[in-house]
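Contents: one structure, followed by commentary.
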């Protein structure tokens, strides 16, 4: 089958960084083409060039043999190119239907026919297999539901080329299966799919071919993915072999550091209880909607508690106040780091120092020298890849943004408990191992760590103990010596947890 999408010698640089250098590869019509690489390898830059969001310094993109000269995202859209970014492009205050039909509403003489709009959108969503209320405000949807709306928007435009950037990072298993079925349908219709993911299982399941980028250059191009193995791809991504990505090792655990006693809230009505020992990494696993993130927000004080107590080293942590939780030694790295974790438009230095400024801001005046010293120290310690501490944090890869958030809390004096939600979502295999090493180092220093993840291999790989959540309650407690994938998944499923789970003693 003929080449339909071609990248020819694409180069793109920013001040202090060469993001892409002479990248060339092609994709056949009707193919699903994987794009992999470590964070910072150049994948997102290449996608931005394809989408018309940014222009390449040199090189050319061809679609069906025709050179493309985009000046804007609109130009790319008109050429049949749609990119679904990790940072969703929906308008929160508009409804699902309005977002899906934005700019092309049905009606006459400028008057929108809303009944026709709802009818058309309902029919198309049902046809695609997406169960979302077309009249619901996007702001009211979960992250996974918003992702499905974004995907539906691309499918409903009859695009010739669709690029998906980590599309399943916020999806449940059921939603992912719907997406995979859509991709198969688009493939059969001749649409080119550029599939950016760090999940090798998805790459091997969906893709016909694969390109690997490393440090802005073409590391490998595989026209037939069936002829390449996982270990080879990982080595091509990181430039070295990673024999054990998890790197777990036993540690000496201390006394109970974090104690949660019958805590509940509006979004987690059933009271839950658990303890985490000093030096322990406790994993929380469950399906989307199981209540994992809600638990973390209650413990941290971001959501209001209805009842219960949180104690650190036996001392009560005041309820409903992140500020007081931080002072008590409890910190949270949130699930959605783009919106809840980083301060967009601010530098790495400012993001790292934001929680510690009171320590070097006498009389309300920030000591910029101490702030710079702190940033440089943690950039080096956490191996943040950046040309300067002054760089805008939005220009960092996901893995480096996560390191900056960790650096923010490590710079805070007296942190005893770290709650980290989806620690490696959208992060490449090399950066994942670096994040895990940071967590192991913190645990070895006596910190109690709670890791919340929807990736079962991750939880099983790094946790000393796992609590499985199902429908807002703790359904099972499993020690590392008893880890079993089938048992954990069975406990996470609503129809199975009641008969297969072993409840922890702490739960009343």
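A Cβ is built for glycine as well, from the same backbone N, Cα and C atoms used for every other residue.
Summarising the annotation, Swiss-Prot assigns ATP binding site to 37, 38, 39, 40, 41, 42, 43, 44 and lists sequence analysis as the type of evidence. Taken from Swiss-Prot, the feature domain 'ABC transporter 1' covers 5-240, and the record attributes it to sequence analysis. What Swiss-Prot records for 250-496 is domain 'ABC transporter 2'.
When averaged over the domain 'ABC transporter 2' (250-496), pLDDT in the model lands at 88. When the binding-site residues 37, 40, 42 are scored by other C-beta atoms within 10 Å, 37 scores highest. When each of the binding-site residues 38, 41, 43, 44 is scored by how many other Cβ atoms sit within 10 Å of its Cβ, 44 comes out lowest.
Residue 44 (ATP binding site) falls within a helix when secondary structure is assigned with DSSP. Classification of residue 37 (ATP binding site) by DSSP places it in coil, neither helical nor stranded.
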